[in-house]
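**Q** Can you read through this structure? Questions will come right after.
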Amino acid sequence: MAAPPPSSPSPPAAAAAAATQQTQPQTPFYELVKGNSGLEKVLLRGTRGFSAEVYLYGAQVTSWKNDHAEELLFVSSKAIFKPPKAIRGGIPICFPQFGTHGNLEQHGFARNRLWTIDDNPPPLPVNPAIKSFVDLILRPSDEDLKIWPHSFEFRLRVALGPNGDLSLTSRIRNTNTDGRSFSYTFAYHTYFSVSDISEVRVEGLETMDYLDNLKGKERFTEQGDAIVFESEIDKVYLAAPSKIAIIDHEKKRTFVLTKEGLPDAVVWNPWDKKAKAMQDFGDGEYKHMLCVEPAAVEKPITLKPGEEWKGRLALSAVPSSYCSGQLDPLKTVPPASTLERIISLVNEFDQWTQAIRALVV
Ligand SMILES: O=P(O)(O)OC[C@H]1O[C@@H](O)[C@H](O)[C@@H](O)[C@@H]1O
């Protein structure tokens, strides 16, 4: 698809904008612009300066910014924007295979194929407040059919909500005409940007069963409290809850991840040795990222011809004190930094009270 001039809205976005113009005169458009190495990317702009970027290569979200223009996703400074290498960071899509759970290349081929903009997607129930979104589609090429002999339509909608929330909705349809079902595994391989991995904890996965990729995919049960990080981790948590929180104490920020249609959740950080071994990843960058990936790994999804599956990821970033502990009502202890602040406020109040009393008496 030919790219329009960098600052002009693409035709479907312009049409959508025109359709909603009466109720929403400030409707943000999406724009199609040239990104790294000349690869095309879609810019989504929300209200109050929220934004996101999606490369057509891999349908990969590579940027999600809040209203202070702070980047919330991690993309490696050494990421290679050149097919067939997948872009290191953002939200790669793993399909039709997660990891090494099958005979295909690691994480399947969707992340290193060129997707196209879907001008006319089948209707998808949406929050009418969402004005900034794009629909992308992937169909298998003849080459793809040789390595995975199934016809499919993979539609992805990336949307930026009015509060800056980012959502990805995948719809995968079996379009085989020979009556055959197919099965696949899947993940939204989300790289979160964090201040310092040793200051991060993940809530929602404690006591879950997991497959440990570092121990031959053996099954274990997570012990104790929230997950904290002191070394390499590569685990597939099974039947994980629909909400997971990633709490960054230093940044005082909590990412809330909500997933639908995706039972599992992968947690990955390569740590120092593996980081050094990766060509497209800086040696110390493992300190500033954490992957928490809504996924369907343990039980592959099977679709009969004509059937469609939907899997959704929604992300929001909120101040830490707001969210911590709320995933589990039994764990309402605020983080140490919040407790310290409360104590210091109480002390300050006490000092003021004493000063006022001294003046009055
Ligand atoms: O280097 P890749 O193919 O992008 O994969 C990165 C990591 O992705 C994670 O999802 C896997 O659990 C890890 O095993 C893997 O190493």
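The backbone N, Cα and C atoms fix where each Cβ goes, and this holds for glycine too.
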**Q** May I ask you to indicate which of 1-22, 133-154 is given in TrEMBL as region 'Disordered'?
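**A** Based on what TrEMBL states, region 'Disordered' spans 1-22.
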**Q** Can you give me the residues near the recorded substrate site, meaning same chain, not R88, Q106, R111 themselves, Cβ no more than 8 Å from the center of the site's Cβ atoms?
**A** K85, A86, I87, P92, C94, H107, N112, H189
**Q** Ligand 1: which of the binding-site residues R88, Q106, R111 have a Cβ closer than 6 angstroms to it?
**A** Q106
**Q** Relative to the Cα of H189 (active site), which of the recorded positions R88, Q106, E293 has the closest Cα?
**A** E293
**Q** According to DSSP, folded down to helix, strand and coil, what is R88 (substrate binding site)?
**A** coil
**Q** Give me the non-local Cβ neighbours of E293 (active site): same chain, 6+ apart in sequence, Cβ-Cβ under 8 Å, ordered along the sequence.
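**A** The answer is C94, A187, Y188, H189, T190, A265, V266, V267, W268.
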**Q** Check the DSSP secondary structure of R111 (substrate binding site), expressed as helix, strand or coil.
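**A** The residue in question, R111 (substrate binding site), is helix (DSSP, three-state).
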**Q** Where does H189 (active site) sit in DSSP terms: helix, strand, or coil?
**A** coil
